Amino acid sequence: MSWGTELWDQFDNLEKHTQWGIDILEKYIKFVKERTEIELSYAKQLRNLSKKYQPKKNSKEEEEYKYTACKAFLSTLNEMNDYAGQHEVISENMTSQITVDLMRYVQELKQERKSNFHDGRKAQQHIETCWKQLESSKRRFERDCKEADRAQQYFEKMDADINVTKADVEKARQQAQIRQQMAEDSKADYSLILQRFNQEQWEYYHTHIPNIFQKIQEMEERRIVRIGESMKTYAEVDRQVIPIIGKCLDGIVKAAESIDQKNDSQLVVEAYKSGFEPPGDIEFEDYTQPMKRTVSDNSLSSSKEGKPELRFGGKSRGKLWPFIKKNKLMSLLTSPHQPPPPPPASASPSAVPNGPQSPKQPKEPLSHRFNEFMTSKPKIHCFRSLKRGLSLKLGVTPEDFSNFPPEQRRKKLQQKVDDLNREIQKETDQRDAITKMKDVYLKNPQMGDPASLDQKLTEVTQNIEKLRLEAQKFEAWLAEVEGRLPARSEQARRQSGLYDGQTHQTVTNCAQDRESPDGSYTEEQSQESEHKVLAPDFDDEFDDEEPLPAIGTCKALYTFEGQNEGTISVVEGETLSVIEEDKGDGWTRIRRNEDEEGYVPTSYVEVYLDKNAKGS
């Protein structure tokens, strides 16, 4: 099968067909280009997706990736990044091995096609020229033959006419002979041109056109083969990255199999374990029996020798407000909301054995008053986060991490010690290097001046000493915490028993539960006595504030036991300091022994105000 023999007369159709073939090739090139753009865009989107979910440095997200599930997710993100890289490889290989190669081949193909069809048109024009010469020779031969016939007929007519002179007859004969010769010459020329045309025509249809069409056929077949090879390359480019993509997927599977739910659960314990023991049982509070309260100086002195009783008067406030100084807390509160009780009817205090009772006051007013200082929270959590909650709002973290639970504090301190030790080791290595360099300079002065290293060596030595002092400080705190952790169960039980005696359940829960719902914590100092549970770290924030000054004195006219929150018990005849006079609500704020503060009914005391203090 040959286009030269089978399609010898389809020159124009072959020209259209070969142009269509080039268009198909260019269409395939465009397809591959768009595929490479898709691969690049897909790879870019995958990389952006992987980058988007990568943990940010020095953020809370980075700490979350200690869990195996998060580590597996991080591995998945990294594998997806490599996966995106393989799609970039696909794009690059398709561009270099297919697109660029085919574009160059298309240019060569267009040039070859143009040359072949140029040769075809040239041969076609040549045969057309030969045909025109043949037609011209044929017409000339035909014309000469006709003129020769007419000249012969004219001669015969003149020769037969007796009236024509002999000269005219001779002239007609000569003219006929000339025309006859011209016809013979035209015949010979026509014959020669015809023979030549036939030769050219045979060569055109049997040599030139078959050769040209054969070249065009081979060109077209090469184009078809080339596009097939490009399609194979297209598949091979994809196949080459399949093993690497498979490894990426295997990496994701391996990361998924590395997830350990038990390990993650243990990490949660390590991250949030406080080191405390659960609170003890709450004792039954029998309201049918009268509560015993200390109302005399003798009971006050006796309570110092032994374990103090739990009272609702001034002494009990050390238990009610374990995290705040007395004067600071009381400065936040107003006088009791209900009116004070009237003085007893009997002039003698002994006529009223138990003294007048101030009206029962619900627990809610105190919470309302305390809300002036704190945001609205459930009463059971009223004082849990008072210390650290304020420090968090102020953005302040104690250097010794005392706002963390014991276990978490120990981990923070241990981490700080490890960091300092690493810095010390780094500075020590630098000092050793400088020392060695100085020794080299001493042995070989031409290499450098040893004195030039003295200042640097001094700075490094000072840094090491500073870091060691810092490390010793944190190691001391760490030793303190580690020494305190084993005894925390006994301490927790002691504190639980201490606050179980309180009748105010809200305050009891606040004292036992040190951790607020938002995770803040106030650490207890185990060295403090049982009857005075305070938070020194929180107290330090108010050390710069002085207690309210006394503006006068007062003498108790009647005994007042002060059962309600915010009140203080007094004994008839007792002298106390006045720190806030009656605001018109019937209550006067007093202080006893620079330690206890509270409100008493104004009618129960006789007030002697200091004029200078009042005026100021």
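Just so it is clear, glycine is given a Cβ too, placed from its N, Cα and C backbone atoms.
Source: prediction; values computed, not measured.
As given in Swiss-Prot:
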COMPBIAS  502-511  compositional bias 'Polar residues'
MOD_RES   LYS66  N6-acetyllysine
MOD_RES   LYS110  N6-acetyllysine
MOD_RES   SER296  phosphoserine
MOD_RES   SER299  phosphoserine
MOD_RES   SER348  phosphoserine
MOD_RES   SER358  phosphoserine
MOD_RES   SER496  phosphoserine
MOD_RES   TYR499  phosphotyrosine
MOD_RES   SER520  phosphoserine
REGION    399-551  region 'Interaction with RND2'
REGION    513-616  region 'Required for interaction with TNKS'
REGION    534-616  region 'Interaction with DNM1 and DNM3'
REGION    552-608  region 'Interaction with DNM2 and WASL'
SITE      LYS166  site 'Mediates end-to-end attachment of dimers'
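Here the features listed in Swiss-Prot are painted onto the structure.
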residue : record                                          : Cβ contacts under 8 Å, 6 or more apart
LYS66   : N6-acetyllysine                                 : LEU267
LYS110  : N6-acetyllysine                                 : ILE22
LYS166  : site 'Mediates end-to-end attachment of dimers' : none
Can you break down the region 'Interaction with DNM2 and WASL' (552-608) into helix, strand and coil residue counts using DSSP? 3 helix, 30 strand, 24 coil
Look up LYS110 (N6-acetyllysine) in the DSSP assignment and reduce it to helix, strand or coil. helix
Pop the mean pLDDT for the region 'Interaction with DNM1 and DNM3' (534-616) in here, whole number is fine. 77
